[in-house]
Ligand SMILES: O=C(O)CCC(=O)C1=CC=C[C@@H](O)[C@@H]1C(=O)O
Ligand SMILES: [Mg+2]
């Protein structure tokens with residue numbers, strides 16, 4: 001494959017309602033859409049899921065645009081790529097900057113699958129034609145939270161994820177369980193706790209959570225291993241797992257029982273697949289996390305989540321969960337808690353160029 005043109009779109013999408021976490025509230029979602037075109041006019045699409053400010057990881061839309069423009073795109077335009085697995089090697093001269101790298105690598109995977117005339121799912125080794133999906137309730141108003149959970153359970157979502165922090169955990173979960181004693185429920189702390197909160201976290205065992213996601217520091221593995229020995233609720237790691245090596249150390253230390261794999265956080269689909277394979281070997285469950293992204297990144301997530309060891313419903317909700325109108329055709333639809341894995345070539349959806357153009361605040365072409 002020889003990429004002849006790369007187009008970057010800075011897209012701004014207003015969420016249907018603010019998304020509240022222990023660290024930040026997101027109302028307008030900035031993303032970078034990456035479009036690659038080869039000499040035969042075949043197009044591949046990727047998405048940079050960094051946020052506008054460095055609250056989740058150190059990357060932002062601005063740092064990613066800089067990495068893409070000044071380092072990653074020049075490497076791609078001057079390379080002949082036989083297989084997308086080579087992209088991470090091509091980018092070795094750039095340290096970390098995983099979300100920037102992933103956005104380009106995803107586009108190359110989409111281009112590759114289209115040139116091979118297979119779905120991205122098949123190109124990755126996917127085995128499912130449908131995937132079970134969960135949904136995230138990111139609000140701090142209990143009345144809204146209960147209404148949203150009611151609505152999502154009616155739509156058939158297979159599990160619900162809520163946000164917790166020390167100021168808002170036991171009573172919050174108790175009220176949710178009072179209304180929904182049986183639903184599969186998990187909680188994401190986004191590093192809001194420390195080891196001084198062991199008793200507080202132990203008390204949450206009462207609520208039979210599927211898991212607690214990232215309770216401690218975003219770069220920690222050691223303290224999570226200590227905490228996991230103190231509490232029965234499975235720990236799931238998100239921010240702490242930025243690389244295959246992080247996953248290996250976490251599995252060896254027993255830092256977690258579940259890993260939330262996000263393509264952007266780990267640097268691309270090749271790394272995501274390696275972590276999936278490693279967890280399969282260690283019998284540690286994985287699920288595919290979301291990043292409040294458009295349907296382009298969701299389409300990549302769906303392909304990834306079709307791999308055999310993705311056994312827990314991921315954060316892969318319908319386009320309508322966040323967007324009045326998504327930038328893909330067809331939009332992501334959830335039927336009875338499941339999403340079809342497209343069998344069309346590549347990511348299996350088309351980009352709605354009119355809506356993309358409307359939502360893009362800036363566009364730049366690199367040849
Ligand atoms: O994309 C989705 O549907 C859920 C996104 C989501 O829960 C998160 C995205 C980014 C940071 C966090 O707030 C949270 C997470 O940590 O998983
Ligand atoms: Mg998380």
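Any Cβ shown, glycine's included, is placed from N, Cα and C.
As given in TrEMBL:
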type: DOMAIN; residues: 142-234; note: domain 'Mandelate racemase/muconate lactonizing enzyme C-terminal'
type: ACT_SITE; residues: 163; note: active site, proton donor
type: BINDING; residues: 188, 213, 238; note: Mg(2+) binding site
type: ACT_SITE; residues: 262; note: active site, proton acceptor
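Each residue contributes its Cα atom, and for residue 188 (Mg(2+) binding site) and residue 163 (active site, proton donor) those atoms are 5 Å apart. Every protein chain shown contributes to the tally, and the Cβ of residue 213 (Mg(2+) binding site) ends up with 27 other Cβ atoms within 10 Å. With DSSP states grouped into helix (H, G, I), strand (E, B) and coil, the domain 'Mandelate racemase/muconate lactonizing enzyme C-terminal' (142-234) comes out at 45 helix, 12 strand, 36 coil. Only 238, of the recorded positions 163, 238, 262, place a Cβ under 6 Å from an atom of ligand 1. Among the recorded positions 213, 238, 262, the residue whose Cα lies closest in space to that of residue 163 (active site, proton donor) is 213. One residue stands out among the active-site residues 163, 262 for having the most other Cβ atoms within 10 Å of its Cβ: 262. Take the CB of residue 188 (Mg(2+) binding site) and look out to 10 A: across all protein chains shown you find 25 other CB atoms.
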